[in-house]
């Protein structure tokens, strides 16, 4: 497993970053929290997970080990692959996901595009006790989450849409279209749903 990458950030997009590691440009599919920490031209270290498929090798990047570990544990539930796990971390922090599983809050899980009521119930059933207890030291506080939301909502919406199969260009256009709905404290899940409705009508 490639546990982390360290190098200069060459570029940063809506859901990916390219990091120069010893002269090799590594494309990393990142959570919004990971992307928010990267600055083009600066050195960075990103926690990573390598997903191997018959026809591809894909690196996923995270803000810290907690995000990466949560990403990997989410995939132990049936029907949850890398893209859906990344979408879950685009909407919720790891601690919010732990809390949702521990309290059987299926409504919180259905805020993630691609998860319906039955899927949320299955995820709760299969992951109960596997994500750890909520309230860990690495979790963002409600105040931190609220402060981050105005800055990061667009990246989260774009990342969520791309993870659901839309192109980066389509996702960015949809995010721009719902920007007027954001307000001072954006509801990322509501903005994602609104963007999805616009894309479905297009």
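These residue numbers are counts, starting from 1, taken along the chain as shown.
Cβ coordinates come from backbone N, Cα and C, glycine included.
Over in Swiss-Prot, the protein carries these features:
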- 1-63: region 'Domain I' (REGION)
- 64-142: region 'Domain II' (REGION)
- 143-152: region 'Flexible linker' (REGION)
- 152-202: region 'Domain III' (REGION)
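The average pLDDT computed for the region 'Domain III' (152-202) is 81. For the region 'Domain II' (64-142), the number of residues in each DSSP class (helix H, G, I; strand E, B; coil) is 45 helix, 0 strand, 34 coil.
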